[in-house]
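Visitor: Following this message is one structure expressed as structure tokens.
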Amino acid sequence: FWKIFGVFSHKTTASQVSPVVVIPQFDKHRPKILESDTQDIYDNVQWNSSVSSQPPWLRFHLGITRWELYPHRDPNMEPLTQQLATHRIVSAVQKSGGTQLKLVMSFPNYGQALFKPKKQERDEETNYNLYYFSDFERHNAEIAAFHLDRILGYRRVPPAVGRLVDVVKEIKDVTTDRKLAKTFFNSPVGNVCFYGQCSYYCSTEHAVCGTPQDLEASLAVMLPDMSLAKRRSWRSPWRRSYSRSKLAQWETDPNYCVNVKKTPPYDKGTRLVDFIDLVVLDFLMSNLDRHHYETFEKFGNNTFLLHLDNGRAFGRHSKDEPSILAPLRQCCRIRRSTWLRLRLLSLPQYHISDVMRASLSQDPLHKVAPLLSEPHLAALSRRLKTVLETVSRCQEQHKDDPGAEDVIYDDLADYPRQHHI
Ligand SMILES: Nc1ncnc2c1ncn2[C@@H]1O[C@H](COP(=O)(O)OP(=O)(O)OP(=O)(O)O)[C@@H](O)[C@H]1O
Ligand SMILES: [Mn+2]
């Protein structure tokens, strides 16, 4: 889909590389590579138009469609996640933008990953006195979100895996980022810590530390660079106020959706039901922090929504957040494929908590500790029930109002989704 051009390595000539193969030239996250270094740390590129010669990250990029990031039963998934989990990290630099510390890591085959470190214990519940916008991000939430999104049949979260990273050998020693390197220190008990530079949580008090050098982290595969596949960012109509005292309009106006349905791009095509899909995901994992979402510009308005940035999900298992479901309650509309999938995941043989537990046990960090604790898994099935009840209530209301739009949006004909696990 992306016409990918551009060759940058001194070693690689146009004849060695097929015209569709790429190494982005303008990627600001890619460290400047000296000619003498390239041979040591990066593989000698021998890719051509034959799929078998292409590294998994490139196959992933080339496989993105208008409907999904990767196909159902993707043969590329195993090698892709395997490489994220095991390949040698040849560079780690800070990623600018956003409020929290993140790194972009590079691999010898030019693949890249977005790194988010473990900041708190896995089963720690979010402090009740913290507003959602002050909550820390969780590396296991990024991983669990990828699994949940896949189980829901969406395939809109970039694949993410857990990995134990050696903060000295795999970050400090290989970074070309001076500002990052300067923030490393030894903690009083001898663990190696660093904090980086960012707008909020980057100070000695917010340092992330290895034990003594090993640090748990999530690594998500990087999307194609912006210079190749531009993305558009959309403000969520149900965005929270991000203020301690103000409410947003949707919180007080039960008819809020009437206007949203008249407003482009929600007035046409699938955008509204695509948004509801995202809302269902967020309610299940209790993510309050969905202020924006992104789409690939190339695919226009009738395309899937990228479900990026899930670090604030799975913060609390003992409480649900009904306000996250407000768009479903207020709009009373959901894709048929999503509704069928949710009903499937409520059956005893495909119970959402069991499917998630099994799926997460494939992650490399499962050996260290389960990615989600049992109370979090139990919360999933409780919340799934709430979603299905909300749809039923909409259908009840619909019966009394014959002029109303159907609750179930029929997408089975125009949307190639599979309905098996
Ligand atoms: N897998 C990915 N590949 C490429 N870019 C990504 C990926 N995931 C996220 N991004 C981009 O990086 C930006 C920051 O990431 P993210 O939102 O996860 O960080 P954050 O620190 O939580 O940001 P914020 O504080 O704004 O919520 C996002 O706006 C998104 O465009
Ligand atoms: Mn965030």
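Placement of Cβ uses the backbone N, Cα and C atoms for every residue, glycine included.
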Visitor: Return the residue out of GLU78, GLU205, GLU251, GLU294 that TrEMBL annotates for the same ATP site as GLN100, LYS116, GLU137, ALA220, VAL221, MET222, LEU223, ASP309.
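Guide: The one candidate that TrEMBL places in that ATP site: GLU294.
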Visitor: Checking the binding-site residues VAL221, LEU223, ASP309: which ones have Cβ within under 6 Å of ligand 2?
Guide: ASP309
Visitor: To the nearest whole angstrom, state the Cα distance for the pair ASP289 (active site) and ASP309 (ATP binding site).
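Guide: Spelling it out, the Cα of ASP289 (active site) and the Cα of ASP309 (ATP binding site) are 9 Å apart.
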Visitor: Given the model, what does the mean pLDDT over the domain 'FAM20 C-terminal' (184-400) come out as?
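Guide: A mean pLDDT of 95 is what the model gives the domain 'FAM20 C-terminal' (184-400).
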Visitor: Would you count the other C-beta atoms found within 10 angstroms of the C-beta of GLU137 (ATP binding site) for me?
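Guide: Taking every protein chain into account, the count is 25.
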Visitor: ATP site residues GLN100, LYS116, GLU137, ALA220, VAL221, MET222, LEU223, GLU294, ASP309: biggest Cα-Cα distance, Å?
Guide: 20
Visitor: Please compare the binding-site residues VAL221, LEU223 by how many other CB atoms fall within 10 Å of each one's CB, and tell me which has the fewest.
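Guide: Candidates: the binding-site residues VAL221, LEU223. Fewest Cβ atoms within 10 Å: LEU223.
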